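Reviewing the structure listed below.
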Amino acid sequence: MTSESTLPPVVPPLHSPKSPVWPTFPFHREGSRIWERGGGIAPRDLPSPLPTKRTRTYSATARASAGPVFKGVCKQFSRSQGHGFITPENGSEDIFVHVSDIEGEYVPVEGDEVTYKICPIPPKNQKFQAVEVVLTQLAPHTPHETWSGQVVGS
């Protein structure tokens, strides 16, 4: 007689995978740059969380571009929050401005003179926001920062 086992082979129980199953990749794509995970990226190399331009429907963009140009003064702007407010020259209610609607190389600061057009804020379109904002006169004796982080003036 041989010493072969007559017991059936041990089969591990079946387990369903945890749901949902996400493939793990060592990197993810951000625009045209590839960022390695866990590679010790310096904070200055990370992509900005702020969008560079907003996507609007053609009709909203066309209406804003065709509208009149208004003048005002920057009341407040927070680069970290990505928005601020403009006080219109005519003294009406302050108007919202988003970082993506600012033209030029400088971050607005309190007292900067600006020109802008207006666009309704969805979904109700009852309030307006400033678009195509251009700094026409920088506030005197105030340091200004460029979008790249360089401080200019004092």
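Note that Cβ sites are derived from N, Cα and C of the backbone, with glycine treated the same way.
The stretch that Swiss-Prot tags with region 'Disordered', taken from the ranges 38-62, 88-112, is 38-62.
Mean pLDDT, taken over the domain 'CSD' (69-136), works out to 94 on the 0 to 100 scale.
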